[in-house]
Amino acid sequence: MGIKVGVLGAKGRVGQTIVAAVNESDDLELVAEIGVDDDLSLLVDNGAEVVVDFTTPNAVMGNLEFCINNGISAVVGTTGFDDARLEQVRAWLEGKDNVGVLIAPNFAISAVLTMVFSKQAARFFESAEVIELHHPNKLDAPSGTAIHTAQGIAAARKEAGMDAQPDATEQALEGSRGASVDGIPVHAVRMSGMVAHEQVIFGTQGQTLTIKQDSYDRNSFAPGVLVGVRNIAQHPGLVVGLEHYLGL
C-alpha cells in the first residue's frame, strides 16, 4: 500500500492536476478529494496520512488546524502566509512530533531554482528587482513566490553587509516603483494568456543579469508536490520552501 493522500481544493485547476498526478503514482493512494462543500472529516474517515492543500487564503488556516489536530501532515501550495500565520502553524505543531507541514510559495522546480540562484547572485550586484507575471484570476499580489524571492535576496545582501540599493527617485506615481519587500522592489503583472512567470533582474556597473522562469502549464507544479508528499514523513514540524526537500 502506498502513502494515503487527500487533496483539498480538488475541484480547482491545480487540484485536478494533483489528483491526476497522485492517481498515476504507484506509491501513492488517493483516498479523499475534498471540495469547498465537503466535510474535512472525510480525511480522517478515509485514513489520509498526507493532504495536499491548494485552496484559498481564507480556507487554508482552518484546514491546517484540522489536519494537525488529527495527526495528518500537509503539503501546502496555497498562498497568503505572513509571519503571523507561520507562527500560528508552529504553535499548532507543538507536541505533534509526527506531523509535518511543508509550505512552499512555488512547487515548480524551475521556480525553486530561480529563488535559490537569486539568493546566490544577490551579493554580487548593487541593484535587484523582481517582476512576477500571472493570469488575471490570481487573488493575491505580489505572489508568494516573488515575496519569497525578494526576502531571500534581501537576506543575502544583509549577510554580505551591503548598503541599500541606489535609487534617486524623488517623484513617482503611486505604485510605479512597485512594492518594497525588505527593500527589494517587487512588481506584479496580471494578464490574460499568462500562467505563472518570474523575472529577477540584477545590475551593477556595466552589466546586468536576468534570471527568468516560466510555468506554461499547471502540470509544472506536480513533480514538486509529489516530492513533498513522499518526503514529508522525514521532515516533522514546519518547513517553508521546497528547496529544503531538494538538498539545495
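Glycine residues also receive a Cβ, built from the backbone N, Cα and C atoms like all the rest.
Annotation comment: Swiss-Prot describes Gly9, Ala10, Lys11, Gly12, Arg13, Val14, Gly77, Thr78, Thr79, Ala104, Pro105, Asn106, Phe107 as NAD(+) binding site. Annotated active site, proton donor/acceptor per Swiss-Prot: His134, in sequence order, evidence recorded as sequence analysis. The (S)-2,3,4,5-tetrahydrodipicolinate binding site feature in Swiss-Prot is assigned to His135, Gly144, Thr145; the stated evidence is sequence analysis. The feature active site, proton donor is assigned by Swiss-Prot to Lys138, with sequence analysis given as support.
A map of Swiss-Prot features onto the structure.
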residue	record	DSSP (3 states)
Lys11	NAD(+) binding site	coil
Gly77	NAD(+) binding site	coil
Pro105	NAD(+) binding site	coil
His134	active site, proton donor/acceptor	strand
Gly144	(S)-2,3,4,5-tetrahydrodipicolinate binding site	helix
Next item on the list: Enumerate same-chain residues with a sequence separation of six or more from Lys138 (active site, proton donor) and a Cβ-Cβ distance below 8 A; give 'none' if the list is empty.
Entry: Arg190
Notebook entry, point to check: Hey, for the (S)-2,3,4,5-tetrahydrodipicolinate site built from His135, Gly144, Thr145, who else sits with CB inside 8 A of the CB center?
Noted result: Thr79, Pro105, Asn106, Glu132, His134, Lys138, Asp140, Ser143, Ala146, Ala196
Notebook entry, point to check: About how far apart, in whole Å, are the alpha carbons (Cα) of Phe107 (NAD(+) binding site) and Thr145 ((S)-2,3,4,5-tetrahydrodipicolinate binding site)?
Noted result: 10
Next item on the list: Could you measure between Pro105 (NAD(+) binding site) and Thr145 ((S)-2,3,4,5-tetrahydrodipicolinate binding site) for me? Cα positions, answer in whole angstrom.
Entry: 5
Checklist line | Candidates His134, His135, Gly144 (recorded positions) - the one closest to Thr79 (NAD(+) binding site) by CA | finding: Gly144
Note to self: For a quick check of packing: other C-beta atoms within 10 Å of the C-beta of His134 (active site, proton donor/acceptor), how many?
What the structure shows: 22
Check: Restricting the comparison to the binding-site residues Gly9, Lys11, Arg13, Gly77, which residue's C-alpha is spatially nearest the C-alpha of His135 ((S)-2,3,4,5-tetrahydrodipicolinate binding site)?
Finding: Arg13
Notebook entry, point to check: Using a 10 Å radius around each Cβ and counting other Cβ atoms from all shown chains, which of the binding-site residues Thr79, Thr145 yields the largest count?
Noted result: Thr145
Note to self: Can you tell me how many other Cβ atoms are located within 10 Å of the Cβ belonging to Pro105 (NAD(+) binding site)?
What the structure shows: 21
Note to self: Can you tell me which of the binding-site residues Gly9, Lys11, Arg13, Gly77 is spatially closest to Thr145 ((S)-2,3,4,5-tetrahydrodipicolinate binding site)? Compare CA atoms only.
What the structure shows: Gly77
Next item on the list: Show which residues of the chain containing Gly77 (NAD(+) binding site), separated from it by at least 6 in sequence, have their CB under 8 Å from its CB.
Entry: Val14, Val52, Asp53, Phe54, Ala104, Asn106, Phe107, Phe221, Val225
